[in-house]
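According to TrEMBL, the protein has these features:
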TRANSMEM  32-56  transmembrane segment
DOMAIN    34-475  domain 'Major facilitator superfamily (MFS) profile'
TRANSMEM  114-137  transmembrane segment
TRANSMEM  143-160  transmembrane segment
TRANSMEM  172-194  transmembrane segment
TRANSMEM  200-219  transmembrane segment
REGION    261-285  region 'Disordered'
COMPBIAS  269-285  compositional bias 'Low complexity'
TRANSMEM  302-323  transmembrane segment
TRANSMEM  335-355  transmembrane segment
TRANSMEM  362-381  transmembrane segment
TRANSMEM  387-410  transmembrane segment
TRANSMEM  422-444  transmembrane segment
TRANSMEM  450-470  transmembrane segment
Amino acid sequence: SELAHLLVLPMVEDVDLVRDIGMPDRFTPYTVYITLILSLTWILAAIPAMVPAYVAPPASGPNTTKIEDFYTVIEEVRSDSGMSELTTQVYFLGSLVVGQIPCAMSDKIGRKPVAFWSALLTGVSGLVAALAPNYWVFLVGRFMQGAFFTATTNVNWVMVCESVPLSRHGRASIVFGVMWCTGYCIIAPLSIAFPTWRLLFLWTSVPTIIYAFIMNYVVRESLSFLVIRRRRDEVEAWIQMAEKYGGVKFEGGCLDTLLDDRMDESPSRRSTYSGSSTTSSEQQQSMKELTVEALRDSKTRLYLFISIYMWITDFLVYNGLSLGSTGIRIGNPHWNYVMSGLVELPAAFVLPALMDTIGRRATVILSHAETALALFALGFVPLENEVLYMIVWLAAKFGTASSFIALYIYGSEIFHIKYRNICLGICCTLGNVGAMVAPFAAHLGQDSQALVYSLFATVSIISSGLDFFLPETMHLHRSIERIQPAPISP
């Protein structure tokens, strides 16, 4: 197709810098080290995103329950439960309004400084919330936490993509997925150990501050960014570190050749598949100009509008189920919450393999359809049948988690490389609208959870149908794998 032609040309050029310098096409001790250190931030990012399930659970009703052994922020301020939604909404409002600014800065000043400051300020904002003298100062802390959520997650992921071979990106994504599930699930035992909202915020914010300084000390800037910015000394240090811990050697003059190639190459060759910074003339266009240009292209416009819908609704369903897990009337609230997180682990392992087997589009269609089917079924399962109800509920959570993972992978491939960053930025930003709406679902479900689940099912099945209008992109990834450069002989 025309779109496939446009996408393949810029993507199949010399896109894997770490393979160019001779790093083996496998995980080495050094690349494992980088992946593990940088993925830890997803544990720390998941906690403030999901903690409202405990500190400000959704509104209660006849079909919900209350966590009896945890002192919430709503109880302290003695407000009605309607204010609980602000704890989540303000967080994602911060991500909506500010979130893309630090990400854009990482293209100018580097990935590492943005990763450091985002983690540090996330922790500091958590301390502001923990020590807040009133609810409104608490909300300021939540807003600031949300402002750095996108950078805390995305920039560290980009650093890994730009520091390990392209063929390892899929497995690296599994590591990040496991870390997210760990941060998600660990909230339950932490809430038992620290049974008040202030203690929970305090003891989850301090580790984030400590991590920021450790990460800043032990991790180097991504190789792709250093090469394109022509920081020769830092590139040399990066290569020396890779030689020392990665078991690879480089030919004499390799560094000169590498830098010369990228200093002289064409604009399209300076773009990388992983989304690293470029110095092409395309980057000189303003965000407004790129957006207008993208919207003038009919296919890009169609794909963007469909993607925006899916991002918003996936955020809505995922957060609606996640944050409401502690309020399910049956079972133990802590175990319900933990199970809602653990069910995401199979998705993290299965989805990348499934997408490579049956294709990106088919996987996204099936994951949304499975989510819708399970959610519709919940309306017909009585709460008295606790085991069956939880099985179907967890199937729905598995489906929406799968849709979310698939959307991250698929969403980065359907847009032309020239518009990829701007389109994904729009999708990620507007996706926060769905997360902000999610708390209202609790009010709809006070009398009938079937109403909420039917709403979630409807938007999911629409996503499944809309995906038929998007292109298959699996062949693009395989094209890139076929043209990977051979490693330089030691």
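Heads up, the Cβ atoms here are built off N, Cα and C, so glycines get one too.
TrEMBL annotations: computationally assigned, not manually curated.
Using the rule of three or more Cβ pairs under 8 Å, pairs at least 6 apart in sequence, the transmembrane segment (422-444) is not in contact with the transmembrane segment (387-410). Here the transmembrane segment (335-355) sits apart from the transmembrane segment (114-137); fewer than 3 CB pairs are under 8 Å, leaving out pairs fewer than 6 apart in sequence. Within the same chain, the transmembrane segment (302-323) stays apart from the transmembrane segment (143-160): fewer than three Cβ pairs sit under 8 Å, each pair at least 6 residues apart. If one looks beyond the transmembrane segment (387-410) by at least 6 residues along the same chain, the residues whose Cβ comes under 8 Å of a Cβ in the stretch are 173, 177, 310-311, 314, 317-318, 321-322, 325, 328, 330-331, 336, 339-340, 343-344, 346-348, 350-352, 355, 360-361, 363-364, 367-368, 370-372, 374-375, 377-378, 381, 453, 456, 460, 463, 470, 473. Long-range contacts of the transmembrane segment (172-194) within its own chain (CB-CB distance under 8 A, at least 6 residues past either end) are made by residues 35-36, 39-47, 50-51, 53-54, 67, 69-70, 157, 160-161, 164, 200, 202-204, 322, 334-335, 337-338, 341-342, 344-345, 347-349, 352, 405, 409. Remark: the transmembrane segment (32-56) makes no contact with the transmembrane segment (362-381), by the rule of 3 or more CB pairs under 8 A.
Nonlocal intrachain contacts for the transmembrane segment (200-219), taken as residues 6+ away from its ends with a CB within less than 8 angstroms of a stretch CB, comprise 34, 37-38, 40-41, 44, 47-48, 51, 54-55, 112, 115-117, 119-120, 122-127, 129-131, 159, 187, 190-191, 194. Confidence for the domain 'Major facilitator superfamily (MFS) profile' (34-475), expressed as mean pLDDT, is 81.
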